[in-house]
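Structure, as structure tokens:
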Amino acid sequence: MTTEKINLLDFDRKGLRTFFAEELGEKAFRAEQVMKWIYHFGCDDFDQMNNINKQLREKLKAKCEIRAPYVSEAQHSADGTIKWAMRVGDQDVETVYIPEDDRATLCVSSQVGCALECKFCSTAQQGFNRNLRVSEIIGQVWRAAREIGLEKETGRRPITNVVMMGMGEPLLNMKNLIPALEIMLDDLGFGLSKRRVTVSTSGVVSGLEQMIGQIDVALAISLHAPNDKLRSEIMPINDRWNIEAFLEVVRRYIASSNANRGKVTVEYVLLDHVNDGTEHAHELAELLKGTPCKINLIPFNPYPGSPYKKPSNSRIDRFQKTLMQYEHTVTIRKTRGDDIDAACGQLVGDVIDRTKRTKAKQFDGQAIPVKTL
């Protein structure tokens, strides 16, 4: 019988130190040496770790592995965006690299599929299968960094920012999300600034409550409607946690956070003649008066079978100008990678849907009926 090896990508620094001490009988600094090899040098071969003694290397080879998701398919957009299908077990999630003049952002998935059933999102139409492990979340960053490193001659910019805006709802996977974020921020990990790591949530109030005082990163909230009636129609999660409850915990999080500089990013997808009217803009502006924020408008990115359309440029422009009358900071997200279905709301992966085979899903020990999400 073969014993499954321990994947070291599943540990943040604290967990790795504990594992080395309790399971390997090694001093903590050895764990930190190995962690530096993994993340600073992209190393997954213990034999290449030349400042680690041979006895420990042999012990690591016998008991451990460094295994990130692998790229099963890569698609390149005309604008430089790359979408990778990352293989996790017997399924794929999608990870997107978005280069810009002054940064390169990696959009990372947190779940295989999504259970939230937002009506305008392609991922939601795939159903939900499972949460990703720490190694499968941070492994997307590790693999992407290696892929970009292999293309140095192309002049591709190294990853400077990570956004948890891929497939899934990050705050329904807190057990694995928090250690992955810790590795992104850790100097022995990817060493990213907390202002360059963003978690986006559709309104999981219980998860955001847990984040207060536990992890400090930039926050983006998927609001997408100015009132509960409309939001519940397009985002069923609103029936569980309404806008008032959502914004209340958002205000508390940003008050406790240095990463957000006192403001949260409010994401608002514009759906033609659904939530993009002038009356919606006025209502949204009034709603957000008590919440320090910047508003990011996202023109809808179509996908096959969707009942929604992207608004005309004139409607988008009018919506933005109406919000700006209230002295809100308002930007319009530039669509990137839509020619390879890598834009916001278009990620689908390869998901074996399990939501239709069970009445409830278990998220971090809490049973949440799918129909009430």
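Each position is counted from 1, following the chain as shown.
Every residue, even glycine, has its Cβ placed from backbone N, Cα and C.
A strand conformation is recorded for Glu94 (active site, proton acceptor) in the three-state DSSP classification. Residues or ranges marked as active site, proton acceptor in Swiss-Prot (evidence: sequence analysis): Glu94.
For Cys344, the entry in Swiss-Prot reads active site, S-methylcysteine intermediate.
The Cβ of Cys118 ([4Fe-4S] cluster binding site) lies under 8 Å from the Cβ of Ala124, Ser202, Ser222, His224, Ile234, Met235, Pro236, Ile237, each on the same chain and at least six residues away in sequence. What Swiss-Prot lists as [4Fe-4S] cluster binding site is Cys114, Cys118, Cys121.
Per Swiss-Prot, S-adenosyl-L-methionine binding site is recorded for Gly168, Glu169, Ser200, Ser222, Leu223, His224, Asn301, and the stated evidence type is sequence analysis. Note: Gly168 (S-adenosyl-L-methionine binding site) has non-local neighbours Val93, Ser109, Ser110, Gln111, Val112, Gly113, Cys114, Thr123, Phe128, Asn131, Leu132, i.e. same-chain residues 6+ apart with C-beta under 8 A of its own C-beta.
Long-range C-beta contacts of Cys107 (disulfide bond), restricted to its own chain and to partners at least six residues apart, with a cutoff below 8 Å, comprise Thr95, Val96, Tyr97, Ile98, Val163, Met165, Gly166. Taken from Swiss-Prot, the feature disulfide bond covers Cys107-Cys344, and the record attributes it to sequence analysis.
According to Swiss-Prot, the feature domain 'Radical SAM core' maps to 100-339.
A simple way to gauge crowding: the CB of Glu169 (S-adenosyl-L-methionine binding site) has 28 other CB atoms within 10 angstroms, across all the protein chains here.
Between the CA atoms of Asn301 (S-adenosyl-L-methionine binding site) and Cys121 ([4Fe-4S] cluster binding site) there is a gap of 9 Å, rounded to the nearest whole number.
Here Cys121 ([4Fe-4S] cluster binding site) is positioned 14 angstrom away from Glu94 (active site, proton acceptor), judged by their C-alpha atoms. Taking the C-alpha positions, the distance from Cys121 ([4Fe-4S] cluster binding site) to Glu169 (S-adenosyl-L-methionine binding site) comes to 12 Å. Spread of the S-adenosyl-L-methionine binding residues is 19 Å (greatest Cα-Cα distance among Gly168, Glu169, Ser200, Ser222, Leu223, His224, Asn301).
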